[in-house]
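What follows is a short report on a single structure.
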Amino acid sequence: MKCSQLFCLRANYLLFCLGLLLHCGEAKVHTEVQAGPLYRVVGSLLSISCNVSGFASASITKEIKFLVKKPSKTLELNIISSGDPSFSYSAYKTRVRSNEITLTHVDPNSVVFEIKQLEKDDEGEYECTVVNHESIYDGTYSAKTTVKVIDNSLSVSSPASPTSLSYNEDDALTLTCQASSNTIQHTHLSLAWYLHKDSEDPKPIISLGRDFTLSPGSGFEGRYQAGHIRLDKMGETTYKLNMAQLELSDQGRIYCQTQEWIQDPDQSWYSISQKNAEKTTLNVKAREVLQDTSTLAVRISAQAVTLQEGQELSLSCNVDTQNLKERFFSVAWLRGNVEVVRIGPTGIQAVGPQYSGRVKEGELRAARIGDRDYRLILQAVRTEDQGQYICRAWLQNRGQDGTFTQGAPQDSSSQEISILATESGLSVEMQNTVGVKEGYGLSLTCKVHGVIGQLSVTWQRKLTSTSAAMFTKVISLSQEGVVEKAGEFMSRKVKATRPAADIFILELDEVRSSDAGVYECAVSEWKSNSKTSSHSQTTNLTVAPSESFLKVSLISRQNKVTVGDNLELLCVVKGPRVPITLNWSLKRDASSLDNILTLNYDGAISWFGDQHRYQLKVVNQHNSVFHYLFINGVSHSEVGLYQCRVSVFLDNVLKTLPLSNLVAISVLNPESKLDLDPTRALTRNINTDIEMKCSVKAKTSASTRYAITWLLQQQAESKVIVRSDRDDLVTFGPHVQLSHKQRISLKRTQGPSFELSIRQARISDNGSYVCEVVEWLQGPNGDWYQLSPVSRTTELTVIEPANDLHLEKKEQRLTAREGDEVELECNIISGASSPFFFYKVTWLYIRYGSSVRSALVVLDHTGLLSYPKNQELRGLQGRLHFSRPTQSSFYLGIKSAHEEDNGTYQCQVEQYQLVQLVTGKEGNWQQTASDSAGPISLTVNVAENNLSVEAEELELNRTRSQDFTIPCYITKQSSNESEFQVTWFWQKKSETEQHPIFTTYRNSTLQDRLGKQDKLKFGHPLPKQFSLTVSKINPEDSGLYFCEVEEWLLSLSLGWRKVAVEKSGYLTVNVYEGGLAKAVSEPECKSGTWMGIFIVTIICSVLVIVLLVLKICWRKDSGGNKLGQNLWVEQHPLNTKPIAED
């Protein structure tokens, strides 16, 4: 019962310790903030998440604060706190009160910090810190991230889209949007077209994601999959929306929206800017409702109804019916009753006889341009082409054999066309092809021949030379000299002039790439305010892009500058005078690129951070612009790779040119003029005070600060003794012990001079003392930087006064038995004769297997005996005896030596003398000599191994149910205090495995190892004699039997120890069946049976007599066994159970 209670107490203690270990293994406090740098644009939302973990009280809402350190400031500014309303500094208090800056708890351990509208000055390093209300600090309680605020350079426009459009149902719509961004950061753009109906939220029609993925809007998926809605990217900045078949639900305001995305360090994408283009109002008219499938609706229209002879006539025909896509038609145009041309159901044209020649000359063209749209073009019309035109359509039914059956015709309303005749000999001449560079001026000349009356000119343009492309007006000059610009060119510098009677000139400044195309000079002759004739001529204009001829290069006259000097960088832009935006940037390391400033095309300058030492200068020359960047008083923060980047602002779009070359700028420290005057060499006696000086003879600057380090070099090893930084903060080296710190001091005197003082010098202070001085200078931006160190050396030699102190150096080896008394000797062989010398004696000890040398006992030179505190040596120190039998002998005795006392002992002697420095005053003790004796190795043994067991080999033959005895006799033992543990083993003849049968332990505990207690009898007649008898045997008990003896001794320090193990000889036992044994014995042994019986009887009698005598002697030796019971088998049978060893 007591054992059970003790076991429970131990289990509870183990569980308590395990709980403590688990508690110690809990996670530390960890604060995590969104990784930076985070690039955000001015005016956008800044959101930073912050999370803390590891607090013991996870459910309690934590007080979290946000601070910021700006690039131009050295101190952190308080922004907002979740628990302290008065935490904010005045710079942020107004924005916090107006909720422009907020800090919101997501859960007790997480917050979100937000600035609704970023300002340029919000750039800096933001720190999230949590207030610790617990009793201990363990972990990180703050985290930082960097925020970069950049300008919003995103632009979007729809330059070619009017403010209002009107279309019929099923017509095609095309709109164009231009979007671009001028930033050096790696960003992606996404663009979407939206439809905004009255009293409804805008709905996306189709969008192009930042990863160039097209996605149709809700409700437009079917039309997108059918190919009726497309979004195409044309070039770098142009996005075109195509809607093949307009529906009535498409009516509303259509506009494009673009977003600029940047990838944060955590690999997530963040939208930093969003802008919308101007909206275009779209009106969609419903088509005519037809009564049945056989009814056709036919409409005719003309681009112009009054034409001048030689101009182009364009007639459109629109056919509509139910199930339009499943029907076939024939369409014809008629002038009066004369058919001009017919287009059959399969698209084959049939031209009327009167117009066949016009087709050959290329003056007549007809085509189907849509599901229901057809067009007829007559180019260079004649007066006979005037009249009334109609469009006639027939429904064609297709049979199973593929033949068509024509239905009833359906005519459109008539369209009157007037052609004005001309009788002039007017002709126009232009150069066929003109090339110009983007940004340069364009000048086109149109020369007129055969001028009779007044002339007017209209300059037109179309993007391609295809006949289907339509000309658009650029500018016109009337016969009265009135100039009229087209709406698209109202903001452009375009002129139409007539320097001579027969010459017209078109001038366009700052040509853009979009200005390329076909230009037409259309000259009309007028008479009495009536146009009599018109002639035109075209030319192809090609525009070379700016990146093909604008070159940017960066130059520096000096790549290596000294701190405080001025730096000049020159960015040369070669090419025409076009609006450009210039960006200066600096790459300080391999990952980050920092903007310095941006000079915009409109003259505005954007500075990034604190750039008060930067200046700009721009110089224009004939074909180049020189942009100078001056840095007044460079510092180490200006080291890096500089680069300039140019963007051309043309056609309301910024086009980025290739980056300039990189220019590496290195900032060098000024050459140091520091010179030192040290103490060259010193020789001093032991125990004297020493001063070493290191004076400054010359310095680099009057404002120089110094950092001083004194080092000690001994045996090719150098270690720091003491150092003083530039703020005069003194610290000791990591290897300087406390006792040395109390003797060393450093002070600074006028000069300046730096003095190292060592009090009570020791022999161990010998060496080379190096005075290393570093100059610190302050840079132009207030940062401190250091110059190369200058060092000087002082050789110090500490000597002892002449003496002849010597100790016995002979190395000794001692061996003792545990419990014996040991005496260690330390003798002075010379130098101990003077009565004025006193000695301090220290006995040192190093335990076997350890390298730590510890002091056991110290006899001070004043006669004070002390034992240094050491928990591990407390037992040994309690058994020590210190003696000094003579003036020169110091003995250390160990009472009752233990085995754990093994190790190396050494005596160390220091000689002292009382010196009176000033008469009449108390003297000082000075060490005059010291020496160490040779080491003494002590080995303490428990006992020698002398165990021996009788190893005679025997063989026995037995029959079933007989018994046999296995003897185990110990002939020698290691000690009289030895205790024995004996185990008998059995091995079958056909096997190699040995089975333990029975064990008697040293504490007299018996154990049956095979569970055969009814067959085993244990005997221990004498202290060194053991036996085991096996009874009721059978043939399965045959085999080899032996015993194994373990000798145990009690160690004074280590408890019971097993000192030896020995085995007996083998006893071979053969067990036979009764009849078989007899059959085998009689034929071979019949003659000697009686003789054997007689000899056995004699031997048994002698053994009985011997045993009786030994038993009587044993009782006498033990003083008589007074116990009522014992374990011998003669009186008590065995009743054993497995019992564990002590």
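Even glycines carry a Cβ here, placed using N, Cα and C.
Where the annotation comes from TrEMBL, it is an automatic prediction and has not been curated.
If you look up TrEMBL, you'll see 1-27 marked as signal peptide.
Marked as domain 'Ig-like' by TrEMBL: 43-148 (among others).
Feature annotation from TrEMBL assigns domain 'Ig-like' to 159-273 (among others).
What TrEMBL records for 294-393 (among others) is domain 'Ig-like'.
Residues of the domain 'Ig-like' (409-542) grouped by DSSP class, helix first, strand second and coil last, total 6 helix, 81 strand, 47 coil. Sequence annotations record features per position, and here TrEMBL assigns domain 'Ig-like' to 409-542 (among others).
Annotated domain 'Ig-like' per TrEMBL: 545-660 (among others), in sequence order.
The feature domain 'Ig-like' is assigned by TrEMBL to 670-797 (among others).
As annotated by TrEMBL, domain 'Ig-like' applies to 801-919 (among others). Secondary structure counts, DSSP: the domain 'Ig-like' (801-919) has 10 helix, 58 strand, 51 coil.
The domain 'Ig-like' feature in TrEMBL is assigned to 935-1053 (among others).
The transmembrane segment annotation in TrEMBL covers 1090-1110. Counting only same-chain residues 6+ beyond the ends of the transmembrane segment (1090-1110), those with a CB under 8 A from a CB of the stretch are 1021-1022.
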Which whole number is the mean pLDDT over the domain 'Ig-like' (43-148)?
91
Count up the helix, strand and coil residues in the domain 'Ig-like' (935-1053) according to DSSP, in that order.
3 helix, 67 strand, 49 coil
Go ahead and report the DSSP secondary structure tallies for the domain 'Ig-like' (159-273): helix first, then strand, then coil.
8 helix, 62 strand, 45 coil
Looking at the domain 'Ig-like' (545-660) and the domain 'Ig-like' (43-148), are there 3+ C-beta pairs under 8 A, with each pair at least 6 apart in sequence?
yes
